[in-house]
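Take a look at the structure set out below.
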Amino acid sequence: MILILKYTGATIILLSVLIEIGQLFPNNDFGCEECKLKENNIFSKPGAPVYQCMGCCFSRAYPTPLRSEKTMLVPKNITSEATCCVAKEVKRVIVNDVKLMNHTDCHCSTCYYHKF
């Protein structure tokens, strides 16, 4: 009987500690904010701000479906996908004779590293 009480007490203490640790993490952003417009300090002028999309979006990994894996040149059993913070709408502006695209709205979408 005493042994059962000891195990029960130890289990309750362990669960309490784990719950406390788990509640610390949702309050942290881990250095990456959500995808939103931020002012670009390099190109912005007083009265003429230039905005760009900055922030983080999700990424995930999952097992590659067998049908897809059979068609790959180099089969991989894990498939990953990611989205990037990109401009939904832009407006062209000229700052110091430099043509810029001022972002007006952002969202998480497919990553295009090769596009400007």
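Quick reminder: no glycine exception, Cβ is built from N, Cα and C everywhere.
As given in Swiss-Prot:
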SIGNAL    1-24  signal peptide
DISULFID  Cys32-Cys56  disulfide bond
DISULFID  Cys35-Cys85  disulfide bond
DISULFID  Cys53-Cys106  disulfide bond
DISULFID  Cys57-Cys108  disulfide bond
CARBOHYD  Asn77  N-linked glycosylation site
DISULFID  Cys84-Cys111  disulfide bond
CARBOHYD  Asn102  N-linked glycosylation site
Asn102 (N-linked glycosylation site), number of other Cβ atoms within 10 Å: 20
Neighbourhood of Cys111 (disulfide bond) by C-beta distance under 8 A, where only residues 6 or more apart in the same chain count: Ala82, Thr83, Cys84, Val86
Cys35 (disulfide bond): nearby recorded positions from Cys56, Cys57, Asn102, Cys106, Cys108, Cα cut-off 10 Å: Cys56, Cys57, Cys106, Cys108
Closest of Cys32, Cys53, Cys56, Asn77, Cys85 to Cys108 (disulfide bond), Cα positions, recorded positions only: Cys85
Cα-Cα distance linking Cys85 (disulfide bond) and Cys53 (disulfide bond), given in Å to the nearest integer: 6
